[in-house]
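Noted in TrEMBL for the protein shown:
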TRANSMEM  B:20-38  transmembrane segment
TRANSMEM  B:44-63  transmembrane segment
TRANSMEM  B:70-92  transmembrane segment
TRANSMEM  B:132-156  transmembrane segment
TRANSMEM  B:163-181  transmembrane segment
TRANSMEM  B:211-232  transmembrane segment
TRANSMEM  B:260-279  transmembrane segment
TRANSMEM  B:299-323  transmembrane segment
TRANSMEM  B:335-355  transmembrane segment
Amino acid sequence: MSMLEQLTHRDRVFDFLAPVASPVDVRHGPILYMEGVNVSFDGFKAINNLNLTVDDGELRCIIGPNGAGKTTMMDIITGKTRPDTGSVWFGSRHNLLTKNEPDIASLGIGRKFQKPTVFEALTVFENLELAMATDKRILPTLTAIMKPEYRDRIDEVLQTIGLQKLRDKLAGILSHGQKQWLEIGMLLMQKPRLLLVDEPVAGMTEQEMERTAELLTSLAGKQSVVVVEHDMGFVRSIARQVTVLHQGSVLAEGTMDQVSNDPEVIKVYLGEEE
Amino acid sequence: MAISQNWLLRPFQERSTQIFLGVLFAALVVVTFLHLFMPQDSALHVSAYTVTLLGKYLCYALLAVAVDLVWGYLGILSLGHGAFFALGGYAMGMYLMRQIGDRGTYGDPILPDFMVFLNWDELPWYWLGFDMAWFAFIMVLLAPGILALVFGFLAFRSRVTGVYLSIITQALTFALMLAFFRNEMGFGGNNGLTDFRDILGFNLRTDATRLGLFIATGIALAIGYVICRAIVTSKLGRVSIACRDAEARTRFLGYRVERVQLFVFVVSAMLAGVAGALYVPQVGIINPSEFSPLFSIEIVVWVALGGRATLYGAVIGAILVNYAKTVFTGVMPDAWLFALGGLFVLVTVFLPKGIAGLLQKRRKAKTDDDTPTGQEATA
């Protein structure tokens, strides 16, 4: 009976209709919290009891040899791969394991792929327009109009990524480095709290690398940024905190100097590489 | 910027849409004039036969526009759009059958001839309501729309794309063809529905009604074209291009790719249904051969010839190929399929962007634009 009474309240919406509180809660510390995560593909343990926390506003670099599980880790955070066991939380409110890719994206986790993926048949401006944090359902998208404040926001991001001059060019004609920046710009349009960036400088020239390093360090603070990278020089130039992954779990964590002096790390990774 | 913010008005401000609508309406007016006011023996007289033939081409053009919407802009190669066309056609056919009344061979006031012939005593439930025009016309949209909704929901939710989706659409239309061939289905078996008399009270066999249907088809094509244009020039259109070119990226931006696909697919199926509904009264028959996989493939060839992802290219392709078919099958009926195949190969090799691509190149050369375009996406 009380149920029925509840239904007849005219000043309140039903509980199931009320919007779910979405702000990310970081009062208790980390923005990303992974504990005891395990994933195996056909018996191969890609991720093995992985524990990782990333603080709000932090710029974190993740390094590790091939097959260490870096990309799989990103897949888990963005909802592409489901772990066998473990828990993954975004802030202290959102359990990422119960959500799909678009939901996670709209919560504020942006992901840049290893290979630059931009929409080549659209202009730079349109690429950013699509990435903008707006209502992404069908009908609002169909009737969407370009408001002046949207235009300003896009121009602001164009400024940040340094592609103002290429605003109305098709993204298909951009160079490799420019595509990478455009993709980072698209992530920024989403106003993410957490940016996952997979090998941002692969295939870049020295200068492009420098600009990318500047771009990423300028983003940290406003957003939390997790960068997965192979290039040690690049990591050294941007990293404050470095996490070394090996065979699906964390091998060492600390500043670049601490990590590169760690005998374990030298054995599995740095020793082989340099 | 002068571009309208209202998504439905935006197409009217585009040069290409203005030209398209101008040419289409001019063609309608000229044909109507030549048909009505030129003396029968004049060389310029357009006969009722030709008017109906042109009406048929316009139906195909609308169907091609529907296919271009999903193939060109969404990257879904549907090899089963004939199914939606035929369903719209059957909905119209059922209405036309009920309009025959007791004028059929067996004179039954309610049952169509083929049901009397099969010794059925009453109308199957799904034939109820088709004596009312409004109901039938709604079903013209709903029948293909619901099929597309259910089919698309299942396919897109499971993330079936590419060749696999094309094969399933092909299977869909083939399965429907087999089903509609069966007499027990209650759609006239392999003879289909025919022997129509009136539509909305007008005798289908008079020239005036034929001209009316031709004009109605032209208007439907114009409306369908504008709707498609409105979709592709909206932000949703850019999202569908995004789904076409980088599905995963689109998903990570927060768009529900499967819903975008479903929406565009259903709109396209409904347009195909309208094309089918206008086709049936003009050719006077609908039978399961419209479901044949070959027909659906032919539609794709029209679009490819005309040029993908332009919409007007689809219209040009549909009209040209069907005109060629009419001429060819008159002269050398056996050679038609070879000619079509040859044409397809030639266009794919020398004009990868179809006839529309040729037009664009011309215009580009004129304006002396130096920006390179890597526009076209892979299928």
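Yeah, the Cβs are placed from backbone N, Cα and C, and that goes for glycine too.
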Q. Of the stretches B:44-63, B:70-92, B:163-181, B:211-232, B:260-279, which racks up the most C-beta pairs under 8 Å with the transmembrane segment (B:132-156)?
A. B:260-279
Q. Between B:20-38, B:70-92, B:335-355, who has the most Cβ pairs under 8 Å to the transmembrane segment (B:44-63)?
A. B:20-38
Q) So, does the transmembrane segment (B:335-355) come close enough to the transmembrane segment (B:70-92) to give 3+ Cβ pairs below 8 Å, pairs being at least 6 apart in sequence? A) no
